[in-house]
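Undergrad: Take a look at the following structure, please.
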Amino acid sequence: MFAETLRSLVRLPAGVPPRRWIALRAALSSGIPLAVLTALGHERIGLQVAAGAFLAIYGANRSARDRAKLLPFVAAGMLACAALGAWSAPIPWLHLSGLVAIAIAAPALAFGYRLGPPGPVFFVILYGLAGYITHAVDGVRVNDPLVFLLAVAAGAAFSYLLAVAPLVRAAERAKPGHTLPELLPGPWLGHDELTLVMRSGLVAVLGVLVSVLWLDPLRAYWPVAAGIAVLGLASDRWHALERALHRSVGTVIGAGAFLLLVPAAEVPWLLVAVIFVLQFVIEIIVPRNYALALVFVTPLVLLIIQVASGVGDPGATAAERVLDTVIGAALASAVALVIRRERRA
């Protein structure tokens, strides 16, 4: 089994449906707002808008009619998490308590309503990212929380418009769709879903404790988010162990790629191109090889954090992200082994 897990690092399964249009939609969702705001001299806000573009990843394989019904609920959840993260940021104990609460509530709702890929992880990331980007130093916010929240809302709104744009064609409108209860059935949690929620909660508690005791409470969201991403959408423990290996290896290589791409952040239009290409490549690769996708996800996220926050040394940021990810992956692996899914009779 372990040998098979190692081989999965270099395997590219065939038969994956084409994702060119999905990838293009995701890349445009972040690339166009970033380009516009860069032209206006506000590239930092443009990268904050890119956080709202995470919406483009949800419902990607569904029809435009289905996305039109589904995505407003996803966007509302994303904005609520971002607002809570920004609001609680000045009070560390409150922010960390909220992180644990979001890490339980987001999986419970995502699995309870069968949201599908990419699951709850981006709700947790948005909560933590909001706290990180708008945290206070000596009582003064490093970035305006209202500006950040408006940027996220704008990014989500633009992503939604792109997601439903095919409906301008009569042929697209004529396609059969699903009702909202069919798109979000529930809420109910089976054995597998309850297992994932319990694992996520335990990973969050452990991730926060490790961050408070040995790391930096300000970046506690990353070990937690990495752990929840490793747990994924399936309760099989070997699935979690494989994803832990993929995430760790991909992040290490991706952190190196980030350091190579840091000079692009000094050239605004080059940064726009890099963000666009990274987002496009991620959506092409992610269904085929998780580790390879992380090689591109890591520099994308680190560039957004580095430029959008305007604080931190790139080398330290890369090292911290690798450490946080490895810790989160290790915690998720341990939790998956401890909390096993219940065998059905």
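Each residue, glycine too, has its Cβ placed from N, Cα and C.
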Undergrad: Between the candidate ranges 220-238, 239-257, where does TrEMBL place the transmembrane segment annotation?
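TA: Of 220-238, 239-257, TrEMBL gives transmembrane segment for 220-238.
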Undergrad: According to TrEMBL, which of these ranges is transmembrane segment: 2-20, 21-39, 97-115?
TA: 21-39
Undergrad: Under an 8 Å Cβ to Cβ limit, what residues of the same chain, 6 or more beyond the ends of the transmembrane segment (291-309), are close to it?
TA: 8-9, 12, 43-44, 47-48, 50-51, 129, 132-133, 142-143, 245-247, 249-251, 253-255, 257-258, 261-262, 264-265, 271, 274-275, 278-279, 281-282, 285, 317-318, 321
Undergrad: Is the transmembrane segment (196-214) in contact with the transmembrane segment (45-61), using three or more Cβ pairs under 8 angstroms as the rule and ignoring pairs under 6 apart in sequence?
TA: no
Undergrad: Check the transmembrane segment (196-214) against the transmembrane segment (21-39) for contact, please; criterion is three or more CB pairs under 8 Å, pairs 6 or more apart in sequence.
TA: no
Undergrad: Tell me the residue counts in helix, strand and coil for the domain 'Integral membrane bound transporter' (211-333), as DSSP assigns them.
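TA: Result for the domain 'Integral membrane bound transporter' (211-333), in helix, strand, coil order: 106 helix, 0 strand, 17 coil.
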Undergrad: What parts of the chain pack near the transmembrane segment (146-168), using Cβ distances under 8 Å and only residues at least 6 beyond its ends?
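TA: Non-local partners: 25, 28-30, 32-33, 45, 48-56, 59, 64-65, 67-68, 71-72, 75, 78-79, 82-83, 86, 126, 130, 133-134.
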